[in-house]
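A.B. asks: Sharing the record's features from Swiss-Prot:
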- HIS59, HIS61, LYS151, ASP313: divalent metal cation 1 binding site (BINDING)
- LYS151, HIS182, HIS239: divalent metal cation 2 binding site (BINDING)
- TYR156, SER286, ASN335: substrate binding site (BINDING)
- LYS151: N6-carboxylysine (MOD_RES)
Amino acid sequence: MRVLIKNGTVVNADGQAKQDLLIESGIVRQLGNNISPQLPYEEIDATGCYVFPGGVDVHTHFNIDVGIARSCDDFFTGTRAAACGGTTTIIDHMGFGPNGCRLRHQLEVYRGYAAHKAVIDYSFHGVIQHINHAILDEIPMMVEEGLSSFKLYLTYQYKLNDDEVLQALRRLHESGALTTVHPENDAAIASKRAEFIAAGLTAPRYHALSRPLECEAEAIARMINLAQIAGNAPLYIVHLSNGLGLDYLRLARANHQPVWVETCPQYLLLDERSYDTEDGMKFILSPPLRNVREQDKLWCGISDGAIDVVATDHCTFSMAQRLQISKGDFSRCPNGLPGVENRMQLLFSSGVMTGRITPERFVELTSAMPARLFGLWPQKGLLAPGSDGDVVIIDPRQSQQIQHRHLHDNADYSPWEGFTCQGAIVRTLSRGETIFCDGTFTGKAGRGRFLRRKPFVPPVL
């Protein structure tokens with residue numbers, strides 16, 4: 001199968017050019033002008049449009065069971081939504097398994113979830129929920145099998161203490177893996193939450209007040225120091241929501257420490273006032289939404305290069321689940337927001353079209369740097385001969401208002417309802433196959449492939 005994309009502006013992280021793009025058998029074969037492929041081929045006219053590498057979302061939670069509820073997106077509905085939003089690869093954060101389970105247990109469970117369902121290519125981050133000799137011995141074998149990143153938690157049921165974190169950092173570093181971490185100070189959060197509950201203060205606003213930015217920033221600073229103690233182990237901070245944490249990361253990077261950080265559209269575009277609305281419970285996520293001042297600090301990091309990746313932390317629970325389980329108490333509400341379908345459009349509209357970032361920086365944040373950090377480059381995140389034919393075409397002339405009824409996940413609401421975006425996803429191709437076109441999903445369940453990722457190699461800081 002041959003596909004020729006003509007008359008568009010092809011953009012990579014290192015530059016852009018008005019040129020044509022030829023995909024053959026799922027692989028990019030040629031870029032240039034006046035390409036004359038062998039017949040037969042499909043021709044796509046991208047006049048006036050940007051032709052970007054397909055998005056790489058390295059933070060999703062499909063099929064996750066958090067004990068009190070299971071997310072309403074599985075690997076079909078979740079990856080369908082991703083495809084319709086221009087994302088062609090996801091790396092899913094596996095949820096916790098049974099107490100005492102091995103790393104391989106969760107990998108087998110999640111491969112079972114995704115097989116025959118995923119629409120786009122996918123991989124997983126391992127999750128380390130406890131430390132013992134068997135787990136430490138298992139890590140190198142998992143890296144050899146293509147899992148080159150693992151997540152630690154400093155909060156929730158399977159939080160690790162400092163000694164366990166150090167053991168994990170050392171072994172992951174030795175094994176060629178990248179440590180990712182959810183950084184929040186669990187003890188401080190528990191104390192604040194208990195105070196509010198004892199006082200009968202259980203409205204959504206108290207979720208944010210029980211998890212102040214200092215809880216997140218302290219944990220970020222602690223992880224940076226522990227990574228240094230562990231032999232300058234590489235570290236990736238997920239879902240950054242505040243400027244103080246970013247300051248600590250800037251300092252670490254100035255000291256040549258290998259640290260990277262992601263943020264999410266919700267921390268750039270939503271703020272804590274959402275908790276005071278009638279539907280405040282729909283915005284319960286951790287870390288919580290912050291104030292507009294923190295948004296501005298994150299946008300500075302997006303613009304000046306201090307933030308490396310924009311992912312989603314897509315974790316969907318319906319409003320029915322939230323209301324039934326929480327009964328008006330923030331501490332009982334399952335955490336997470338949908339957003340895998342909106343990431344690319346929101347960042348393009350609020351970043352590129354406002355002049356905050358260039359189209360090249362857009363590629364770096366949404367596909368190139370995620371692919372490089374997580375062992376997928378240059379197969380993903382790049383449009384060059386030999387790379388996968390993963391493409392998203394965005395028309396900057398079109399304006400769209402986000403409406404839940406037009407989205408493709410399995411949620412019953414969207415936190416982005418009513419947002420007007422300048423720029424529309426008009427087509428998504430995965431390995432040369434059109435899986436979304438002009439508002440219609442055209443992919444098939446099970447066509448996505450499991451990606452064995454390469455060991456971690458740090459990009460140049």
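Cβ coordinates are placed from backbone N, Cα and C, and glycine is handled just like the others.
Since this is a predicted model, take the numbers as computed values, not measurements.
In terms of burial and nearby residues, how do these features look in this structure?
C.D. replies: ASP313 (divalent metal cation 1 binding site) falls within neither a helix nor a strand when secondary structure is assigned with DSSP, and so counts as coil. Same-chain residues at least 6 positions away in sequence with a Cβ under 8 Å from that of ASP313 (divalent metal cation 1 binding site) are, in sequence order, HIS59, THR60, HIS61, VAL238, HIS239, CYS264, GLN266, LEU285, GLY336, LEU337, GLY339.
Classification of HIS182 (divalent metal cation 2 binding site) by DSSP places it within a strand. In sequence order, LYS151, LEU152, TYR153, LEU154, THR155, TYR156, VAL238, HIS239 are the residues near HIS182 (divalent metal cation 2 binding site), counting only same-chain partners six or more apart with C-beta under 8 A.
Secondary structure from DSSP puts ASN335 (substrate binding site) in coil.
If you draw a 10 Å sphere around the CB of LYS151 (divalent metal cation 1 binding site), it holds 21 other CB atoms from the protein chains shown.
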A.B. asks: Setting HIS59, HIS61, LYS151, ASP313 aside, what same-chain residues sit with their Cβ within 8 Å of the center of the Cβ atoms that define the divalent metal cation 1 site, listed in sequence order?
C.D. replies: THR60, ASP92, HIS93, HIS125, HIS182, VAL238, HIS239, ALA311, HIS314, CYS315
A.B. asks: Counting only residues 6+ away in sequence within the same chain, which have a CB under 8 Å from the CB of SER286 (substrate binding site)?
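C.D. replies: In sequence order, the residues whose Cβ lies under 8 Å from that of SER286 (substrate binding site) (at least 6 apart) are THR155, GLU184, ARG211, ASN335.
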A.B. asks: Let's check the environment of HIS59 (divalent metal cation 1 binding site): how many other CB atoms sit within 10 Å of its CB?
C.D. replies: 25
A.B. asks: Beyond TYR156, SER286, ASN335, what residues of that chain have CB atoms within 8 A of the centre of the substrate site's CB atoms?
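C.D. replies: Going along the sequence, the neighbours appear as THR155, HIS182, GLU184, LEU285, GLY336.
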